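Noted in TrEMBL for the protein shown:
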- Ser141: active site, charge relay system (ACT_SITE)
- His183: active site, charge relay system (ACT_SITE)
- Glu210: active site, charge relay system (ACT_SITE)
Amino acid sequence: MTEPLTPEVSPLPRPKGPLVIIGGAEERDGEAKILRAFIQLAGGRSAQIVVLTAATSEPIEAGETYIEVFKRLGAKTVWVVDTRDPDDANQFEAVWAIRQASGIFFTGGDQARIVERIKGTILEDAIQKRHSEGAVIAGTSAGAAIMPEVMIVRGESETSPRNDAVMLGAGMGFVSGMVVDQHFAQRGRLGRLLTALVLQPSIIGVGVDENTALIVKGDEFEVLGEGAVTIVDESELTYKSADFSGPVGAVAGWHRHSQQVATGPNQVMSVFDIKLHILAEGCRFNLKTRQPSAAE
């Protein structure tokens, strides 16, 4: 008598690791609440951390700083990977370090350097694989900007929303559906974040203050730190004026119920019915439902 076949059950995919998206100027002395949370998420005293210094013009100094901080906060091992060009990012030593890491940290500097030096390399493949296996990825300032699929490459601070106030580009793609701006309140960046949303509809804008972070787990994030996270949601926008002549302004998917009026370069935009949420420490936000919730 033939025994019935038992169907194979595929194991559930492991969830991606958390993201710690820091608005810059995080506390490194004393309690260092945000960096301490990163180390705890990465395993506490068993944490193996890789610091990526691609963004900074002072990689040696930045590397030494974070080695000292992460060691003080209890990490077991801290490696620094300095990539000056894509060739560095294809070296065995860099890839080997990432494969051991339980936590990966991007320093501040210039976000364009991170993409130019790491994206499309073996190192990026290793980072994405470790993230899919559960490793934590953190980034401060420029290291925060690169987290989404779409990032702000550069832009003007302390300005009204203008067509030329921001340049968008491809980020590292650790999270989708948002664009991140850092040093948000301190540098008056609401105007350029609004511009980014007008030029790239259907995503939310996330502005992170200094010494403040959002910790992303799955479809939800929680705010940690002394400042606020500003959420800008254009999903119910009814009117905008913008320059649609450029390749970025011509993004598809504009709301059918809205009106749009073309303006010239460098002119101030009009936007109607934008949603704005301000989240302090402990508040949460669901990226799928776009709903905030108060601290418990």
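Backbone N, Cα and C define each Cβ position, glycine as well.
A sphere of 10 angstroms centred on the C-beta of Glu210 (active site, charge relay system) encloses 21 other C-beta atoms.
In the structure shown, the C-beta of Ser141 has more C-beta neighbours within 10 angstroms than that of any other entry among the active-site residues Ser141, His183. On a Cα basis, Glu210 (active site, charge relay system) lies 5 Å away from His183 (active site, charge relay system).
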